[in-house]
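Peer 1: Dropping a structure here in structure tokens format, bear with me for questions.
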């Protein structure tokens with residue numbers, strides 16, 4: 001029945017349907033395509049060993065998300081698409097998983113070594129991607145007090161800053177991608193998240209409001225992490241949420257910079273003030289929650305509350 005939404009989505013585009021109807025049909029069609037892709041990945045995983053299974057899920061699990069991000073790049077909303085994917089994983093999904101596990105088990109324990117390693121890497125990539133934003137803010141002629149520049153000097157400096165920002169963004173993107181592939185090798189080689197690789201053959205995992213809130217919900221089946229939480233496998237849940245956020249931060253964001261570079265689109269790693277605050281505060285809260293290796297429903301409520309506050313703020317932008 002839901003398969004009919006895929007041709008309906010194509011027909012709505014060429015038939016010039018109402019924009020709300022086109023969006024709704026396309027949203028449901030995207031959810032179905034995500035489901036089919038993950039089912040195909042799971043089928044292939046049954047023919048591979050554990051290490052290659054993990055690499056397969058990492059490579060193809062975010063395919064729909066990457067396509068959506070590239071589409072957002074063409075629309076100029078790529079930062080919101082990436083940020084929305086991160087928030088969905090580390091706040092909404094992780095928070096609800098803590099809540100459902102807390103209501104069933106009161107207090108759940110999980111192994112902290114892999115969680116702390118992944119969390120530290122996520123914080124590192126967060127800081128790295130904020131460097132172009134910090135550099136742009138500190139080098140802004142209006143940021144420093146007491147600056148008295150003529151209009152010509154200001155225009156010249158702004159042009160130089162724009163060139164410098166693009167160079168810093170591109171160099172940062174390349175270095176971050178290299179670091180991401182090193183992280184992938186480390187993850188597969190030493191099986192820090194071996195529990196995910198083992199369960200990917202049997203269970204469906206999520207890989208991940210418009211752009212920031214709603215679209216990320218269409219790119220993943222967000223109930224899978226909560227299913228793992230209800231089985232008491234909180235370590236798997238944490239690895240899923242943090243790992244998917246890492247893929248968004250360390251792979252998709254720099255990938256968009258390089259794709260934009262190749263295709264001639266203006267793409268950089270500069271976040272606005274609101275996105276920067278939301279980005280860093282969300283990562284910091286998620287790290288604080290998972291660092292002790294224990295979870296309860298109160299911590300889940302805290303994560304979901306921050307997500308809802310961000311969603312409310314976005315609706316007013």
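Numbering starts at 1 and runs along the chain as it is shown here.
For all residues, glycine too, the Cβ spot is worked out from N, Cα and C.
Where the annotation comes from TrEMBL, it is an automatic prediction and has not been curated.
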Peer 1: If you check TrEMBL, which stretch out of 54-74, 138-158, 201-221 is marked transmembrane segment?
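Peer 2: Going through 54-74, 138-158, 201-221 one by one, TrEMBL flags 54-74 as transmembrane segment.
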Peer 1: From 15-34, 115-134, which range did TrEMBL mark with transmembrane segment?
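Peer 2: Checking TrEMBL against the ranges 15-34, 115-134, the transmembrane segment one is 115-134.
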Peer 1: For the annotation transmembrane segment in TrEMBL, which listed range does it cover: 35-53, 168-186?
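Peer 2: When 35-53, 168-186 are checked in TrEMBL, transmembrane segment belongs to 168-186.
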